[in-house]
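Feature annotations, reproduced from TrEMBL:
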DOMAIN    28-63  domain 'EF-hand'
DOMAIN    92-127  domain 'EF-hand'
């Protein structure tokens, strides 16, 4: 495939992964992500197991960590980069929203239903919300989104049109 660019990646591999990330990462960032991926892949299997994935400190403290693991169970390097790409400061708002929608669409049917929202609220709030409180929040969200019983991506995007996604960023450290 050509000359090795970084620890097992050829320049062609790097170019393919940059394209898969929609260009939000440059070569140095891809190489840094590959080092991190290899460190996480303790068995050198070519993918990250759920346990290895949850060993990422920033992820392990996230209340929806288990949901994130289920979204991308055992990712290879390209899928890992695609999963991290929405958190790049150069990712588009739409890419961030698509990622969020995928996480909230628990059953993967292309809609965020009452059940999906209830499951996510349970993960986010734990036992601090009663079932009645969860259902009240869900009813208010759906009413504000136009009264539908479930949200497709367009409705989800419209509902979050004024949301600040500026904190949805992870910087990739690069060796200089």
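The backbone N, Cα and C atoms fix where each Cβ goes, glycine too.
Non-local neighbours of the domain 'EF-hand' (28-63) in the same chain are 5-9, 14, 17-18, 21, 69, 72-77, 80-81, 84, 88, 123-124, 126, 170, 172-175; each lies 6+ residues outside the stretch with a CB under 8 Å from one of its CB atoms. Secondary structure by DSSP for the domain 'EF-hand' (28-63): 21 helix, 0 strand, 15 coil. For the domain 'EF-hand' (92-127), the mean pLDDT of the prediction comes to 93.
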